[in-house]
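As annotated by TrEMBL, domain 'G-protein coupled receptors family 1 profile' applies to 17-269. Taken from TrEMBL, the feature transmembrane segment covers 34-57, 69-97, 118-141, 161-188, 219-241, 253-273.
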């Protein structure tokens, strides 16, 4: 065998060793490539759909012409937003005051508060909001920087604007926090007092536990409402007093939290307040009360308070013992709940 023939035979043998002949069935091919082909086909179809849709319309200028009328309307919208925001904060203050009075002076407060007084307080809250917000917006109208390519900025030089911002901003949030701490202190003191009291025939253990549980649920819902409102307003106040130096992330948090604080209260009541949750389920037709008297007495839904929000110590109805009326009277009228639900 010549040298060239040996080289040729060696190359043929090596090619035979590296070549593999494999027959793949249709089922095996589909099992290995079906997902990849499906994803690729869906991607191509989606992009073709986008191209087809974008072909039939042209993207124009979506922003309105920046005229003096548009600037005036933008400033007017900003003033309205500030006014309604101040109103929600003042209503939060009145709700906290109502809860504190219903706990600190339960009998006297419930004996003297009626619907005319409630209406007067609602009108007073609107009057305070109007005087505190509209006057400042009129005085500092020209300092509302509304632009088409950046966020709106409302900041004026001088101490007058700073004092007005503090009084109508973070200063309103301090009393609700203090009042909620006072309510929590009273609740903890009452809980310890009732636990240490000797159980007698006229003060059964079941009644004591029921009162503690319902008082705790009401207070927890009230504290949650105030806490979330305070947290939601922190970014706003940070932006207000830092101006353009505020972080972009804080601006986004402020905008998102402003949206949250106006519709979160139903979720808080559903989560923490059992009577509110049972009433919602009953109205939705998903809950049926049993006809058993003992269970019915325990789950009886009393008539809603004047404000529509849960009271502080709502107690079961069938109690005739006069010795317990003092504790039962801690239920608040919650007069401003309906206004809170309207503004949130």
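Just so you know, glycine gets a Cβ as well, placed from its N, Cα and C.
Most Cβ pairs under 8 Å with the transmembrane segment (161-188) belong to 69-97, among the candidate stretches 34-57, 69-97, 118-141. Per-residue pLDDT, averaged across the domain 'G-protein coupled receptors family 1 profile' (17-269), gives 75.
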